[in-house]
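Novice: Can you read through this structure? Questions will come right after.
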C-alpha cells in the first residue's frame, strides 16, 4: 500500500501517486531549526520524473 497526503512518511516512495512527496518542514525551536516531522504532500510535476527513476512502485 501507499500513504495518502497528510500521512507520516520516511521516503518519497511511500507516498501515493506520482506527484506526491515526503515533505519534511523545519520548525524554529529552541534557537535552532528542528525537523518537524515528515508527511506526504503534493509536489510539482517535476517530482514525477524523479519518483519514476527512484521508486520501483511508481
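Even glycines carry a Cβ here, placed using N, Cα and C.
Feature list, courtesy of Swiss-Prot:
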DISULFID  2-16  disulfide bond
DISULFID  9-22  disulfide bond
DISULFID  15-40  disulfide bond
DISULFID  24-38  disulfide bond
DISULFID  48-55  disulfide bond
Novice: Let me know the DSSP-derived helix, strand or coil state of residue 48 (disulfide bond), please.
Specialist: helix
Novice: Relative to the Cα of residue 22 (disulfide bond), which of the disulfide-bonded residues 2, 48, 55 have a Cα no more than 10 Å away?
Specialist: none
Novice: Per 10 Å Cβ neighbour count, which of the disulfide-bonded residues 16, 24, 40 ranks highest?
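Specialist: Of 16, 24, 40, the one with the most crowded Cβ is 40.
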Novice: Looking at the disulfide-bonded residues 16, 38, 48, 55, which has the shortest Cα distance to residue 9 (disulfide bond)?
Specialist: 38
Novice: Please report how many Å separate the Cα atom of residue 15 (disulfide bond) from that of residue 2 (disulfide bond), as a whole number.
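Specialist: Residue 15 (disulfide bond) and residue 2 (disulfide bond) have their Cα atoms 5 Å apart.
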Novice: Report the same-chain neighbours of residue 55 (disulfide bond): residues 6+ apart in sequence with Cβ closer than 8 Å to its Cβ, ordered by sequence.
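Specialist: Counting only residues 6 or more apart in sequence, the Cβ neighbours of residue 55 (disulfide bond) under 8 Å are 12, 13.
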